[in-house]
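Note sheet for the following structure.
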Amino acid sequence: MLEHIEKELLEHQKTFEKVWEELRFHIYTASIICIEALKNQKKIMLCGNGGSAADAQHIAAELVGRFKKERRSLPAIALSVDTSALTAIGNDYGFELVFARQVEGLAQKGDVLIGISTSGESENVLRAMEEAKKRGCKTIGLLGKDGGRIKDLCDAAIVVPSSQTPRIQEMHIMIGHILCSLIDESF
């Protein structure tokens, strides 16, 4: 069992080192997009499935509540939390539109949509990103593997260089925390 633990920790460390080497500028770019939107009284929307939905909720909570320091509440919403909207849209329009329909109803020009997908191929996240672009929103992808089709829809694509979902998810929440910390420093 100790060998398994060591293997997991070493894989995490290797992925972290790649993120450190390759993604600092992309994280910086994403933070600037978020900070500018929030300073212009715009909101941040986030979406994802499964663990990525949990990350979306976590990041939104850090912005609406607080992260490390006292500051005003910042407008952020995870599109995965409204079960009535999710089930109504899923039933009437299909699961691939559960986020896009919410973006259609909630997004205003200048808002930010952060789409989280370990594969970069989640159809409902992709459709939400397309809708956000149509509405004049900035788009940020927290992605994995090669970034998939979602990468091409992003103003800032943060693609974790790994094909292992657990490693990608670990980096996504760390990157989310870094974004929250950078946002904190601006308010």
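Backbone N, Cα and C atoms are what each Cβ position is placed from, and that goes for glycine too.
If you check Swiss-Prot, you get these features:
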type: DOMAIN; residues: 34-187; note: domain 'SIS'
type: BINDING; residues: Asn49, Gly50, Gly51, Glu62, Asn91, Asp92, Ser117, Thr118, Ser119, Ser122, Gln169; note: substrate binding site
type: BINDING; residues: His58, Glu62, Gln169, His177; note: Zn(2+) binding site
*Please classify the secondary structure at Gly51 (substrate binding site) using three-state DSSP.*
helix
_Quick check on the binding-site residues: of Asn49, Asn91, Ser117, Ser119, Gln169, whose CB has the lowest count of neighbouring CB atoms inside 10 Å?_
Asn91
_Considering Cα atoms only, can you say which of Asn49, Ser117, Ser119, Gln169 is the nearest neighbour of His177 (Zn(2+) binding site) among these binding-site residues?_
Gln169
*How many other Cβ atoms are found within 10 Å of the Cβ atom of Glu62 (Zn(2+) binding site), counting all protein chains shown?*
20
_Measuring Cα to Cα, how many Å separate His58 (Zn(2+) binding site) from Gly51 (substrate binding site)?_
10
*What kind of secondary structure is Ser117 (substrate binding site) part of, going by DSSP in three states?*
strand
*Ten-angstrom check, please: count other Cβ atoms within 10 Å of the Cβ of His177 (Zn(2+) binding site), all chains counted.*
15
*Using DSSP, would you call Gln169 (substrate binding site) helix, strand or coil?*
helix
_Can you give me the Cα-Cα distance between Asn49 (substrate binding site) and Glu62 (Zn(2+) binding site) in Å, rounded to a whole number?_
19
